[in-house]
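Enquirer: Can you read through this structure? Questions will come right after.
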Amino acid sequence: MSAMAISADLEPVAPLRIVAGRERIDLPAAERAVADLLRALGRDPDSVHLADTPRRVAHAYEEMLTPREFSLTTFPNDEGYDELVLAKDIPVQSLCEHHMLPFQGVAHVGYLPGDRILGLSKLARVVELFARDFQVQERLTKQVADWLQDHLAPKGVGVVIEAEHQCMSLRGVRAIGSRTVTSSLHGILRDKPSSRQEFFALTGLTP
Ligand SMILES: Nc1nc2c(ncn2[C@@H]2O[C@H](COP(=O)(O)OP(=O)(O)OP(=O)(O)O)[C@@H](O)[C@H]2O)c(=O)[nH]1
Ligand SMILES: [Zn+2]
């Protein structure tokens, strides 16, 4: 739905176009590096079974490290809506920067509106913007919260991420099924105990 479709009375606001500022990925160099890695692991990248693997892996990493562009569409908060807006169970797929293995789970992203409300899908798009990177979960959580605070100027922001790290399940400690929970709060959701409590209760976590 476009910004104008909400109400004919709303002033048209040009949505901000968000383009991820990633370093350019050098695909041929990545392919050569994957072939070298296969050789270092005692495999033959020229064998019939592995011949296309360096290309596939390089493209897979390019895809996993490149968030989609989007428009930050907002609308005037004409009704003065002043309760929590919370998008729950947003899928999170990211790569741990220590082992380059996936961590996956869900994000719960909420805010208390100020003068403007945000197109709901944008809460999930902001998660993807920062998740498609080599990350640690704490930084990812804080980046989403900080970005919403900076771009939307709401009265409060709350972000919770619950994720399983494959570097903790496939290898190493092999703590299969263990989930890590992180949170980042701003404004009223951080400072007012009852709002904080309501946010965590709605995300399914206790304060
Ligand atoms: N804080 C934090 N740590 C993470 C995250 N993802 C992975 N790690 C941890 O990064 C740490 C790296 O520790 P190292 O001791 O250098 O690596 P390692 O020898 O492979 O460690 P083990 O996983 O314990 O075998 C591990 O404890 C991982 O569990 C994350 O998102 N946040
Ligand atoms: Zn890891």
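Using the three backbone atoms N, Cα and C, a Cβ is placed for every residue, glycine included.
Curation does not apply to TrEMBL; its annotations are automatic.
Pulled these features from TrEMBL for this protein:
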BINDING   CYS96, HIS99, CYS167  Zn(2+) binding site
DOMAIN    31-202  domain 'GTP cyclohydrolase I'
Enquirer: Restricting to the domain 'GTP cyclohydrolase I' (31-202), report the mean pLDDT as a whole number.
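Expert: Taking every residue of the domain 'GTP cyclohydrolase I' (31-202) together, the mean pLDDT is 97.
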Enquirer: Within the same chain, and leaving aside CYS96, HIS99, CYS167, name every residue whose CB is within 8 angstroms of the centroid of the CB atoms belonging to the recorded Zn(2+) site, in sequence order.
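Expert: Output for this site, in sequence order: LEU95, GLU97, HIS98, MET100, LEU101, PHE103, HIS165, GLN166, MET168.
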Enquirer: What are the non-local neighbours of CYS96 (Zn(2+) binding site), defined as same-chain residues 6+ apart in sequence with CB under 8 A from its CB?
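Expert: Correct list: PRO102, PHE103, PHE134, GLN135, VAL136, HIS165, GLN166, CYS167.
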Enquirer: Would you identify the secondary structure of HIS99 (Zn(2+) binding site) according to DSSP, in three states?
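Expert: Assignment for HIS99 (Zn(2+) binding site) reads coil.
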Enquirer: Including all protein chains displayed, how many Cβ atoms other than that of CYS167 (Zn(2+) binding site) lie within 10 Å of its Cβ?
Expert: 16
